[in-house]
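Database features (TrEMBL):
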- 28-224: domain 'Alanine racemase N-terminal' (DOMAIN)
- K35: N6-(pyridoxal phosphate)lysine (MOD_RES)
Amino acid sequence: MDIKENLTNIENAIKASCDKVGRDPNTVNIVAVTKYVSVATTKAALDNGLIHIGENRAEGALEKWEELNERGVWHFIGSLQTRKVKKIIGKYEYLHSLDRLSLAEELDKRLKEGQKIKCFVQVNVSGEESKAGIEPNHLRTFIDQLADFEKIQVVGLMTMAPFYEDPELTRPIFKQLRQLRDEIKSLKLDHAPCTELSMGMSNDYLVAVEEGATFVRIGSALVGRE
Ligand SMILES: *Cc1c(COP(=O)(O)O)cnc(C)c1O
């Protein structure tokens, strides 16, 4: 895997998509998803200038975090069991999968005084049963309830689209997440500024960028699988 070459190609493609819709490419952050790769490859990602590292397993990522934590900004992107919260606490600046109050409660309890975690509320836009996330019509209530937890900062919304051969088919899902984000953002809530959109993976990140993604989560197309 040539991470440097992959990154250049991805950045150029993102720039082209941004040009198409009149966006500034600097507003798109690449989260390098390293869940399939070793510590060495994760280090190589950082060496190539990537800053945001995404992992989806508390234990699986521990070794990487211990060796490399001073260098990156760490994102927990997978579903998180409540009992595993203590394993990730203080290690990750971002959580992309906040999907229930019990999780918010546990995070709020475990974080130290003055610590905060930046959260994306995961929304199940596609409605697939296999996908985690809040249903779109429950989102507003959920966001309001999160005001009770002072250590939770809702920075944005996240979704996972189904895998389609033709990434164009994901567009309506990303569009809907953006509309939901705009609705919450317009409320100007202190605990939920909700300015960000975490959407798009290796197969569909360009469509997500066209629809406003500010964080794309890219694994296989960037760092490969080992
Ligand atoms: C694995 C994973 C990704 C990256 O997947 P690729 O298709 O390899 O880019 C992105 N987001 C989440 C939540 C993941 O679990």
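The backbone N, Cα and C atoms fix where each Cβ goes, and this holds for glycine too.
A sphere of 10 angstroms centred on the C-beta of the residue listed as 'N6-(pyridoxal phosphate)lysine' encloses 18 other C-beta atoms. Secondary structure at the residue listed as 'N6-(pyridoxal phosphate)lysine', taken from DSSP and collapsed to helix, strand or coil, is coil.
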